[in-house]
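Q: Just passing along the structure, written as structure tokens.
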Amino acid sequence: MSQAKEMNNGLEWTIKMADGTSGTLAPHEGPVMKAWNSLVGLFSRFVSAIWRFLEKAWNLGVDDPRKVVHGLKVGMALSVVSLFYYMRPLYEGVGGNAMWAVMTVVVVFEQTVGATICKCLNRVCGTFLAGFLGVGVNWVANRSGEKFEPLIIGASLFLLASAATFSRFIPAVKARFDYGAMIFILTFSLVSVSGYRVDELFSLAHQRISTIVVGTSLCITVSMLVCPIWAGTELHNLILRNLDKLSCSLEGCAIEYFDGSTEGGKNEPIKNLQGYKCALTSKAIEETMANFARWEPAHGCFNFQHPWKQYLKVGASIRRCAYCVEALYGCIYSETQAPESIKGHLASMCLRVSSKSSNVIKELAQAIKATRKSSTTDFMVGEMDDAVKDLQSCLADLPNLLLPLPSPEVSGTESEKAEKPAVSSAATSLLGVVPLVTLASLLIETAGRIREVVDEVEGLADLAKFKPAAHEKLNHSQPTSRIALQKQNEEGTEKALERV
């Protein structure tokens with residue numbers, strides 16, 4: 001039995017066999033039709049790939065408009081430097097070496113001001129030093145005779161290139177002058193080889209150095225005057241974000257453990273509580289920003305000799321706290337959970353420690369943001385220490401809850417029989433209480449590491465000469481005394497306990 005089914009591209013014949021099976025007869029396509037279908041499919045995939053790329057580019061620009069501005073700044077610098085080709089007076093001044101100015105703009109223009117200045121100064125110093133040594137070596141080689149001239153040039157090239165390459169492995173040189181060492185090797189090689197065959201060596205070196213100076217000066221000017229992005233400000237804001245995310249993660253982990261209302265079940269962490277991971281992965285960015293910030297002039301509230309290295313110490317102390325918070329989440333999503341009665345014994349103290357610790361971190365973030373010393377940090381640290389001591393006392397009383405004492409009315413033989421199920425029950429409870437005790441111990445350890453953050457932030461305030469603590473009256477929304485602060489913190493703890 002056969003039937004015809006009409007489709008968009010023609011007819012499809014379906015044949016139903018006697019045994020109940022069916023098959024489809026596709027129309028035969030010639031080689032021309034196959035080639036056309038392949039070409040159409042290839043074009044559609046190409047258009048789809050272009051469209052996905054444009055969507056990603058658009059989303060990237062929307063998320064961070066500064067990247068779009070950076071692209072426009074590079075285009076502006078290249079347009080200005082191209083005038084050396086199109087304006088005859090400028091072209092006659094630098095000759096055909098104007099391409100070096102264009103190349104300089106392409107390779108040294110970076111997103112932040114500090115990175116641009118670092119590359120520009122490295123390129124100028126490396127080019128000038130290599131040009132000066134190249135001219136000197138060629139001057140000595142020319143006066144040594146045709147027999148020794150290639151030997152002197154070759155030996156000097158070998159020694160200086162080897163020494164400059166080795167210097168790039170030195171950490172201090174690699175951090176700040178790696179690009180300059182590479183430019184030194186390149187320029188010295190070009191000047192030496194060109195000087196061996198070009199008579200006007202001084203003119204060649206002068207033109208190349210002048211064009212590089214023009215390109216670097218233009219890059220620095222555009223980078224600093226047109227929507228500047230300061231590496232120091234980026235580092236400052238990065239430390240603030242890490243402190244805020246760490247405080248939210250620390251406070252949320254205790255509530256998450258004692259509340260138990262996870263989104264998606266216990267096997268899937270809540271994403272908005274994973275901010276501490278940003279602090280764990282920001283070490284390389286912090287070091288890069290601190291290195292570039294040292295090249296920047298004074299801007300905003302930052303002086304030329306601002307203690308950028310101290311930011312690295314603050315970031316390192318933040319990461320040490322973040323490691324503890326990461327271990328806390330291992331306890332939260334552990335398969336073995338403590339009984340609710342044991343949880344209730346430590347819930348209030350754990351929530352209090354996490355809340356006090358989080359408040360200290362938030363206060364440090366506010367102090368860094370305002371570049372002002374805090375007048376309440378010592379008081380908050382004292383509250384955190386008191387909460388830690390109370391939690392330690394609760395941990396000391398925990399064994400009494402796990403193993404109850406036998407009743408004195410029971411006889412010796414009956415007491416021995418009653419101890420066996422009690423010991424078995426205690427062992428089972430002990431296995432379940434391990435994550436709870438670990439979480440409490442980690443909270444205590446986190447509080448100790450927060451004190452290190454406090455010390456580093458206070459060191460930053462002293463080195464950066466933060467403004468003294470404000471003694472103005474607080475707003476009505478803020479507590480006006482230590483008793484009021486304590487009441488406010490107790491109310492926050494009680495609200496968290498109501499959810500348990």
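Yeah, the Cβs are placed from backbone N, Cα and C, and that goes for glycine too.
Quick caveat, the model's predicted, so the values are computed rather than measured.
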Q: Have a look at 179-197, 312-330 and point to the one annotated transmembrane segment in TrEMBL.
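A: Residues 179-197 are the ones TrEMBL records as transmembrane segment.
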Q: With Cβ-Cβ distances below 8 Å as the criterion, list the same-chain residues six or more beyond the ends of the transmembrane segment (124-142) that contact it, or say none.
A: 148-150, 152-153, 156, 160, 179-188, 191-192, 195-196, 201-202, 205, 208-209, 212-213, 216
Q: Would you mind listing the long-range same-chain contacts of the transmembrane segment (179-197), meaning Cβ under 8 Å and 6+ residues beyond its ends?
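A: Result: 118-119, 121-123, 125-127, 129-131, 133-135, 137-138, 141, 149-150, 153, 156-157, 160-161, 164-165, 167-168, 173, 204-205, 208.
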